[in-house]
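Beneath this line is the structure, given in structure tokens, with notes to follow.
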């Protein structure tokens, strides 16, 4: 098993190219199951979760080719199975996204109940009740979701009683091939939803309202293939910007999407950073200054993203003043706090908030990554901690960050991946 060894270095400085978004790429790859024509996806990040997804598709009998490092071509006309087994699904929650496409195209699907990061209950009931409203018959048996439909799914008005990105994605894909019009009420508004809708529209789907809380889908009988570039990763972008701010550096992120990061950029400016943006780049300048502590409350897009919460906890640890981070999306998402405390951070957990007394003097220590974004917060802490920090269990990190040690190293960080 690998770990990262990090030593305190100088401020980060330079340019880093942002990868395609994991959270956009995973549902995009599933759109291939809606058509018998080949689909080509570009700007796909090389990540553990992407490898899991392609393995899952191959298990279904789908042909998957990788003509270039960040390109994937999928031909689902060779599909042989509608069963997504426990062995693969247990490692990644997004595997549930095969359910809607398989059911819509094949009329049946058997999908193991999913796994992924251990950051609280993420129930799949919204996926299931939505599909049932479209005419699916579903039962959960021996750890598997077994779904079938006679003929095509039927368009329906579906109100989700809580905002769910995954359920919105699953139902959006299923509705693309349904008979009639589907209206998704209280839909998720994330940029990755818009990206998925744009890809489906390129394939011939009729969708309006993506990016709002009401999405309308007029079902069509068949979809075509696609040639589609994955949206830049706003969370990776935010992570590098926080790392630059914490180290007092100046970093430009290229191949970025500034309009997907409004809430994060606003908080970085509140922390004292100078932010400049172009059409596809963002630059943060914190040279000669120390961050100011900020108050952050996570909420569904377009508010502050929960996936940036851990990184801002680290920022508040070393900032001037007292900062408060309140988590409203997931319970049990402060597992990075005890690890930061091992490094000397003064953080108090109060209900669903992390209160950081700033100006902590962090010391290098062996720490353990507990989930994807928590591991990023520990890496950032290691960049400014005195001594040497060992971040263990970085398989979490590899699920969502492409070559993070190489990218940070290119900005001047002293970081290496070693075998334990």
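Cβ coordinates are placed from backbone N, Cα and C, and glycine is handled just like the others.
These figures come from a predicted structure and were not determined experimentally.
As annotated by Swiss-Prot, active site, proton donor applies to 117, with the evidence given as sequence analysis.
For 22, 23, the entry in Swiss-Prot reads phosphoenolpyruvate binding site. In the three-state DSSP reading, residue 22 (phosphoenolpyruvate binding site) counts as helix.
Annotated UDP-N-acetyl-alpha-D-glucosamine binding site per Swiss-Prot: 93, 307, 329, in sequence order.
Swiss-Prot lists 117 with the feature 2-(S-cysteinyl)pyruvic acid O-phosphothioketal.
Just so you know, the Cβ of residue 23 (phosphoenolpyruvate binding site) picks up 25 other Cβ atoms within 10 Å once every protein chain is counted.
Residue 307 (UDP-N-acetyl-alpha-D-glucosamine binding site) and residue 22 (phosphoenolpyruvate binding site) are 12 Å apart (CA-CA, integer value). Of the recorded residues, residue 93 (UDP-N-acetyl-alpha-D-glucosamine binding site) and residue 23 (phosphoenolpyruvate binding site) place their C-alpha atoms 11 Å from one another.
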